[in-house]
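**Student:** Swiss-Prot lists these features:
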- 1-26: signal peptide (SIGNAL)
- HIS132, ASP165, ASP228: Zn(2+) 2 binding site (BINDING)
- ASP134: active site (ACT_SITE)
- ASP165, GLU200, HIS478: Zn(2+) 1 binding site (BINDING)
- GLU199: active site, proton acceptor (ACT_SITE)
- SER219: phosphoserine (MOD_RES)
- ASN322: N-linked glycosylation site (CARBOHYD)
- ASN382: N-linked glycosylation site (CARBOHYD)
Amino acid sequence: MDPKLGRMAASLLAVLLLLLERGMFSSPSPPPALLEKVFQYIDLHQDEFVQTLKEWVAIESDSVQPVPRFRQELFRMMAVAADTLQRLGARVASVDMGPQQLPDGQSLPIPPVILAELGSDPTKGTVCFYGHLDVQPADRGDGWLTDPYVLTEVDGKLYGRGATDNKGPVLAWINAVSAFRALEQDLPVNIKFIIEGMEEAGSVALEELVEKEKDRFFSGVDYIVISDNLWISQRKPAITYGTRGNSYFMVEVKCRDQDFHSGTFGGILHEPMADLVALLGSLVDSSGHILVPGIYDEVVPLTEEEINTYKAIHLDLEEYRNSSRVEKFLFDTKEEILMHLWRYPSLSIHGIEGAFDEPGTKTVIPGRVIGKFSIRLVPHMNVSAVEKQVTRHLEDVFSKRNSSNKMVVSMTLGLHPWIANIDDTQYLAAKRAIRTVFGTEPDMIRDGSTIPIAKMFQEIVHKSVVLIPLGAVDDGEHSQNEKINRWNYIEGTKLFAAFFLEMAQLH
């Protein structure tokens, strides 16, 4: 049998079986004939969808390295996306975001944010999709097995920078829209897009734009969808209802600006590095428990219902450990690992600026060093309170050393955690769409990382926000050999199409 016909038959069978099963659900079913046509279209055109992803991955839209060449690529990427949406019939505005001021005093233009609209039927609900088209730095010499900017398919895996974070999911949503358009079918819901090009650099100036547009562009929005994270397994889909926040700290210890010769001064100084190592060592113990007094005060007590949520999640610990390439985790059970990723704060030490870190030997005593660490915050933790607790703790530890050096603590980043109500109607619609496409219940997960835009939308726009990831846990976003599986990309396109139909049932 032709492989395409086989995929079509499998999709049709899954749809028919699941539509028969749907009598147990409270919401009406989407039109089965339309769903079948859309799925067939997506299967038949999947090679075209992969080709478009290849074209988008080829644009080196790196927002992290503030150099003119990459900034030009970012502008090109946003122009390509705007043109794609216009060809679908969307009303598109590319909003000028002004300049980005760099630490060295220079400035670079910020790529425009795309605000696009498809449909304005007052009888339909309006769903707004957020995505970003900038990527982390990538270089073949960093350990990539393929050119990071040439999408390469190996055993069903599509390797390339941005394939899963976030160009693939953005295109999956666009592909779902294009399927309805190609079949000359009305979109089940009104759709809006907000697409940026600076997420990897901290979404520069985006919050100001969202605030400015809350009573215009966002005024008719009923629901917001983000697809910018991963499943917790390789094969089972998930819905994300919470993320951790992030407080990033720097602690500077200084004797003088110049380094010292260890033969001349070793043994007669309060060495800044020794002070700093003691400070960093006071933050967290060998079991991962944070030693800062008061840090756990706002962490909500664990409930039986929450424990049952963790038990229901599919997580193969051996698979997870192998895909992570670590010998052992701090905890031995699925439930403990999930809780310490999602519902408890964590503290990570990232590096020391000013220390000798090159090959060879260099017998200097650094005159000034800066330690860098961050705390991932969980819901109900307060960023300002954490800043005070950390500063107070480090000052207390430093005072006991009786050092003549100077210590300065600063929090350079303070991003809030986010959590949503999983009984919200949008979440129930997403669950039904996942059942239709994948034939299984989704894992209801949180994300241990930080996605500031979710909290931003929740606080400014005051609408339901859901994260619907498409990529597998081993996609390697931000790392070498980032990929998205062809299966995830294509089935994710179907998921968004089914989601449109489910959301239509809410109005």
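Along the chain as shown, residues are numbered 1 onward.
Cβ atoms here come from the backbone N, Cα and C positions, even for glycine.
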**Student:** What is the Cβ neighbour count of ASP228 (Zn(2+) 2 binding site) at a 10 Å cut-off, with all protein chains included?
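**Tutor:** The answer is 25 other Cβ atoms.
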**Student:** Give the helix, strand or coil assignment DSSP yields for ASN322 (N-linked glycosylation site).
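**Tutor:** SS state of ASN322 (N-linked glycosylation site) = helix.
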**Student:** Rank aside, I only need the closest one: which of the recorded positions ASP134, ASP165, GLU199, HIS478 has its C-alpha nearest to that of ASN382 (N-linked glycosylation site)?
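**Tutor:** The answer is GLU199.
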**Student:** Tell me, how many other CB atoms lie within 10 A of the CB of ASP134 (active site), whichever protein chain they belong to?
**Tutor:** 25
**Student:** List, in sequence order, the same-chain residues at least six positions removed whose CB sits under 8 Å from that of HIS132 (Zn(2+) 2 binding site)?
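**Tutor:** HIS132 (Zn(2+) 2 binding site) has long-range Cβ partners ASN166, VAL170, ILE195, GLU196, GLY197, MET198, GLU199, GLU200, SER203, ASP228.
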**Student:** Residues other than ASP165, GLU200, HIS478 within 8 Å, Cβ to Cβ centroid, of the Zn(2+) 1 site?
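**Tutor:** Neighbours found: VAL135, GLN136, GLY162, ASN166, GLU199, GLU477, GLU482.
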**Student:** Taking 8 Å from the centroid of the Cβ atoms of HIS132, ASP165, ASP228 as the cut-off, which other residues in that chain fall inside it around the Zn(2+) 2 site?
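**Tutor:** My list of surrounding residues reads GLY131, ASN166, PRO169, VAL170, GLU199, GLU200, SER227, GLU477.
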**Student:** Once the chains shown are all counted, how many other Cβ atoms turn up within 10 Å of the Cβ of HIS478 (Zn(2+) 1 binding site)?
**Tutor:** 16
**Student:** Nearest to ASN322 (N-linked glycosylation site) by Cα, among ASP165, SER219, HIS478 (recorded positions)?
**Tutor:** HIS478
